[in-house]
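Okay, structure first, notes after.
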Amino acid sequence: MTNSNRIKLTWISFLSYALTGALVIVTGMVMGNIADYFNLPVSSMSNTFTFLNAGILISIFLNAWLMEIVPLKTQLRFGFLLMVLAVAGLMFSHSLALFSAAMFILGVVSGITMSIGTFLITQMYEGRQRGSRLLFTDSFFSMAGMIFPMIAAFLLARSIEWYWVYACIGLVYVAIFILTFGCEFPALGKHAPKTDAPVEKEKWGIGVLFLSIAALCYILGQLGFISWVPEYAKGLGMSLNDAGTLVSNFWMSYMVGMWAFSFILRFFDLQRILTVLAGLAAILMYVFNTGTPAHMAWSILALGFFSSAIYTTIITLGSQQTKVPSPKLVNFVLTCGTIGTMLTFVVTGPIVEHSGPQAALLTANGLYAVVFVMCFLLGFVSRHRQHNTLTSH
């Protein structure tokens, strides 16, 4: 593989995470405006965003098999066509059914692109370098989570319709589409070059189960937490602007943490540092949930920084449970994380309705504690050390 080709594929991976980050995180910013647009209460509007998460979940799950049937370049180019259709649907339809369908399509495109992006990184890089590359890739999710809410706020403050926010997000996919030209992708399945070596049946092991539970609980905990921080902060007497700043600070700190840990992780055993970070994140979230408004800004900055490497390290360790990185295994762990995304409002909505936003934040805290337990148990069964030793010889 040429260096310029590797750079193009790496940038496709970066932008695939930026696309998903923008779509998922911008939801909270535009939900109120979309509810007004359709004359619906915000609570029932949040349910329609489940279509976005369902699209992401289904496409990541199915793409574990589709990658071996449909070439990656074809998938990305077809995704561009779907993206144009979905954004056009949002702009020109006033029907809630069409809005839900467009959200589902956006989810499908996002899920396919993100699973391809993750696979490309696990395919091109090995060992600890894979972990730091995946972490840097994931930082684009946070970067988009910081940039696109600012773009949304800029547009909405000037009474520009909410669907232009999605048109701006579509520009990320335009960049991905342009990068596919003159770029060679790894061939998989029936398109892969034939070898005489027999294909070894891979055994995943119980470590994959622990990592999958950790992925689900981490994403559900993180999004359950960050989705209700503004409501919780407003309940404590903070202004909407200050509450929004808390969320922006979290993602900014998260992004800085990813850049820092993409360097730091090279010097540590991944399972051990993951356990330490998961424990720290659970403690810092508890400090935020039980602290005073004066300390909230500092505790959310610390939480963002120390939790930034958790999800990517879970995926990296998942890919290292077999000798050869398996798209099915990586996609399985990703799917579990996406189930967490999909369950965000399903789980936290009723909790907030009955017990208020703080109860949702404490539930998220409990989920982070589960992540810590799973990471600790992984230490007894993980195969990443033996596979790293094999690849280094």
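Including glycine, each Cβ sits where the backbone N, Cα and C put it.
Features of the protein shown, as given by Swiss-Prot:
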- 11-31: transmembrane segment (TRANSMEM)
- 51-71: transmembrane segment (TRANSMEM)
- 78-98: transmembrane segment (TRANSMEM)
- 101-121: transmembrane segment (TRANSMEM)
- 134-154: transmembrane segment (TRANSMEM)
- 162-182: transmembrane segment (TRANSMEM)
- 206-226: transmembrane segment (TRANSMEM)
- 245-265: transmembrane segment (TRANSMEM)
- 273-293: transmembrane segment (TRANSMEM)
- 297-317: transmembrane segment (TRANSMEM)
- 332-352: transmembrane segment (TRANSMEM)
- 361-381: transmembrane segment (TRANSMEM)
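Counting Cβ pairs under 8 Å to the transmembrane segment (11-31), the top-ranked stretch among 51-71, 101-121, 134-154, 206-226, 245-265 is 134-154. 361-381 is the stretch from 206-226, 245-265, 332-352, 361-381 with the greatest number of Cβ pairs below 8 Å to the transmembrane segment (273-293). By the Cβ criterion (distance under 8 Å, sequence gap of 6 or more), the transmembrane segment (245-265) is not counted as touching the transmembrane segment (78-98), fewer than 3 such pairs being found. Between the transmembrane segment (134-154) and the transmembrane segment (297-317) there are at least 3 Cβ pairs closer than 8 Å, counting only pairs 6 or more residues apart in sequence, which means the two stretches are in contact. When the stretches 51-71, 78-98, 206-226 are ranked by Cβ pairs under 8 Å to the transmembrane segment (162-182), first place goes to 78-98.
Residues of the same chain lying 6 or more positions beyond the ends of the transmembrane segment (361-381) and with a Cβ under 8 Å from any Cβ of it are 205-207, 210-211, 213-214, 217-218, 220-222, 224-225, 228-229, 232, 271-272, 274-275, 278-279, 281-282, 285-286, 288-289, 307, 310, 317, 347-348, 351. Spatially, the transmembrane segment (332-352) is not adjacent to the transmembrane segment (78-98); fewer than three Cβ-Cβ distances between them are under 8 Å for residues at least 6 apart in sequence.
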